[in-house]
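Accompanying notes for the structure given below.
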């Protein structure tokens, strides 16, 4: 099983505690995602002007990009309360009914990992989203009866990293759909500088930029790296973070300038050295790395593919010339035609 990686985009308990102190409260402080910010500002102002609950919002994108943070910002801008839960926590229809009936008019209900709602719970959610009503079964057996409960107008914000797993009926009930994109190094630099100021960390612009460029386009990773570099600077550099200190800390953490850690590099090196650059089937690769297939597909591969170091083909995984150069190796001459073309899956 893979241990927690410093560059993992999934949240940890430390991340949750630290993020609460640096989380922006207003859209003006929410850095990056400019198209999303501009659209949400219009939707929020329009809903407030009409005195209505804002339409339901679906936010999707890779983990660590600020979906939960954006939900807090939306509730703050609307001037209403936010109730936070997640799909796996809502096990029964009664759990959802309890949440919905305790909402005040125009409140925001945030459901993280909404793709993990059970079908039974989803059925209760449909009329709640459309008509602000829920049907509850009272009693058992022949004496059971259904009663309708009216709900106050509310805004549901659903967040997911797996939008493709949402059922069509649920997806169609969201009037506003927003996709969060990876951040540019410049945007992440601004985020690191802002976080450092809030946390009282002495960090130069060059030091912040060095942290940002290795953060894989993800604010959660940038803030986590900032905390680890702060630890290094506190012991080795009197608490001051500049470019050399940031670079030395990253070398200690084994995070290279591309944002890769040892597991990323090991995967690329394995494909090059053991499988002649590929293509190699994912099961063979997982066995060679002593990792689970799911870890490769969901944790390691996405960023390597996004950055152009790895490609998926019908015949398996292949590294690109960019990967050879990153490993300090000479790329092979152009492969024979047909390599990487659709063919045998095994």
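Cβ from N, Cα, C; glycine included.
What Swiss-Prot lists as ATP binding site is 22, 23, 64, 67, 68, 69, 130, 131, 132, 173, 183, 220. If you draw a 10 Å sphere around the CB of residue 64 (ATP binding site), it holds 26 other CB atoms from the protein chains shown. According to DSSP, residue 64 (ATP binding site) is assigned to coil rather than to any helix or strand.
Annotated Mg(2+) binding site per Swiss-Prot: 68, in sequence order. Sequence-distant neighbours of residue 68 (ATP binding site): residues of the same chain at least 6 apart with a C-beta under 8 Å from its C-beta are 84, 110, 112, 159.
In sequence order, 282, 283, 286 are the residues of the chain that are 6 or more apart from residue 293 (DNA binding site) and have a CB within less than 8 Å of its CB. The DNA binding site annotation in Swiss-Prot covers 293, 312, 317 and is backed by sequence analysis.
Under the heading region 'Large ATPase domain (RuvB-L)', Swiss-Prot lists 1-183, citing sequence analysis as support.
Look at Swiss-Prot and you will find 184-254 tagged as region 'Small ATPAse domain (RuvB-S)'.
Swiss-Prot lists 257-346 with the feature region 'Head domain (RuvB-H)'. Over the region 'Head domain (RuvB-H)' (257-346) the predicted model carries a mean pLDDT of 83.
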Residue 312 (DNA binding site) sits from residue 183 (ATP binding site) (Cα to Cα, rounded, in Å) at a distance of 24
Among 293, 312, 317, which the record lists as binding DNA, the farthest-apart pair of C-alpha atoms sits at a distance in angstrom of 14
For residue 312 (DNA binding site), the spatially nearest of the binding-site residues 22, 64, 130, 132, using Cα atoms, is 64
The correct DSSP tally for the region 'Small ATPAse domain (RuvB-S)' (184-254) reads 53 helix, 4 strand, 14 coil
Three-class DSSP assignment, residue 312 (DNA binding site), comes back as strand
